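First the structure, in the form of structure tokens, and then the observations on it.
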Amino acid sequence: MRDRPASVPETPPAPGTWRRVVRLFMPYRGAVCVLVVLIAVYSALNAAVPLLTRVVFDRALFGPGGPDLPLLALIAGLAAAIACAVGAVDLGQTWLSARVAQRVVHGLRAEMFGRLQRMPLAFFAAERGGEIQSRLAGDTTQIEYAVKDTLPGALSGLIGFVVAAGAMVTLSPVLAGVALILAPLVLLVASRSGRALSTLSADGQRTRAELSSIIAERLSLGGVTMARVHGRRQEEAAGFTAESERLARLGVRSGVVAQLVLSVGHVFFVLTPYLVFVAAGLTGGITPGTLVAFTVLQARLYQPLWQILHISTEFRSAQGAFERVFGYLDLQPEPEPRQSPAPGPGALAARGAGFRYPGTGEEDRPALYGVSLDIPAASTTLVVGPSGSGKTTLGHLLAGLHPPTEGAVVIDGTEFGAPLPGRICIATQDPFLFQGSVADNLRYAAPGATMDDLVRACRITRIHERIAALPDGYDSPAGERGALFSGGERQRIALARALLADASVLVLDEATSALDPLTELKVVEAILAERAGRTTVMITHRFGVLDSFDTVVALEEGRVVEHGSRLDLLGDRHGLYARMVRAQTGAA
Ligand SMILES: Nc1ncnc2c1ncn2[C@@H]1O[C@H](COP(=O)(O)OP(=O)(O)OP(=O)(O)O)[C@@H](O)[C@H]1O
């Protein structure tokens, strides 16, 4: 299993994270302003009730003339009206804040997905699947929880605090001063604990991502098979358990730190009223009505304070998630192609093209270098070479999947370095079939294809009989990554999909490698016949019996070492192609 440091070193919060969080709300500033007004109204209405209580005590109940029933009835009516208004305003503010929060989180998710789609393929080769899943689904969910409660909570906390403190100062400035004397201590503890919480949160998010990666990789069909074949089930379970325990420990520590803040706050809330009573006793001249109103207002003061503490701990806990999401949003995507080449017959060329995979050092040889080739329109070209010689890399360059890191790749006279759907298509050795029906998978290349089109393509790639024999025919499910089909069947379905794309250039990168040699020969011949008049490039190791190609390109160690007609290259007894054909066919 993976190695991990026993504990991730404390990292200070990334500078600018909070500024970026605030910026997320900028497009909704109008709604946020309305929210502020609603919350202010809500807080003012809430603060009015204790002031009514003061009138009840000092005038309506215990006034000089005894109980004043009409005044009591009036106050009861007013209190009922205020309660209704508070309910309505509360509903409005909940709707608005939920809307803003959901929009912000939806925007983050959509932007992150879009950014990832534009990342170079090398990013997906290096990044773990679980990591992407964890950031896109897990981190955004944590942000959603934080943002949903935070926006209204922080605003109502602040406004509620100001309104309640203002009302308390109006009643008695001295008692208000005493009530707030311990507040700085609580804020200090909150700020210290907040920093610890952010670190714990970042560590927690990383551990969650590690768990997701283990699940995605080791609980896949391939991962489970590998563990069973090599008898490593217990080690796999132990690796997962260790990460899970680590997450559990982090969860406990975060819970304790968060509770520390809340507990200090609690002591403050319990202690302060008694300090106020003592102060009232010492100063004298405070009416019972003022003291009752003051006591009610104190509760109203603590609630927002409590809310602010609670939110600050929650937000600090979400800091790690924000940083990981922003980390993906800062990734450098592939540049968009400057111009789309004008339509043409499909003549390809490489001009001194080379490619170096990201992460390979300057001292390593590039995967491909100095490749200059002309592949005329409507020609058929075979690309051969030893394992690791750069065939797939060349295929990817010709299909626009990688832009060359030196030189250029050209179609019909125009340089390109990005996929050209509809003009160039590639079928690979390990094709991707998604969960859905066989027909869905085929129509991915040609959404408007009729059933006859599907059947025709599948007949060419010799897979129609197999699909037709399934209980639901073309509507049968393909399974996870096409797992309900054999490797050779998957390849033939993917080849049919590539034919349906009807591109002027088709690159076959070992796309028939899982077929038996006889079927492979028939399928390749049928594809070439179907594509007569269009350009086809085939990369393969099993070329010994393939004799219908115009041209052969032989690669060795990232360079083109032979390029010519098949018969010419066969004539060069010491040439790479001739030697490889002899090795395959057993010819002397
Ligand atoms: N994503 C990658 N990152 C780094 N190096 C890579 C990556 N993919 C391939 N390479 C390296 O680039 C070189 C050429 O690889 P490529 O897959 O093009 O060879 P190939 O001729 O198609 O091999 P094979 O016949 O085994 O499929 C190899 O040395 C390989 O290790």
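Backbone N, Cα and C atoms are what each Cβ position is placed from, and that goes for glycine too.
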With TrEMBL as the source, which of 110-129, 250-269, 510-529 is set down as transmembrane segment?
-> 250-269
Near the transmembrane segment (28-57), which same-chain residues lie under 8 Å Cβ to Cβ, leaving out any that are not at least 6 residues past its ends?
-> 71-72, 75, 78-79, 82, 85-86, 89-90, 92-93, 96-97, 99-100, 103-104, 151-152, 155-156, 159-160, 162-164, 166-167, 171, 287-290, 292-293, 296-297, 300, 304
On the domain 'ABC transporter' (348-582), the mean of the pLDDT values is 91
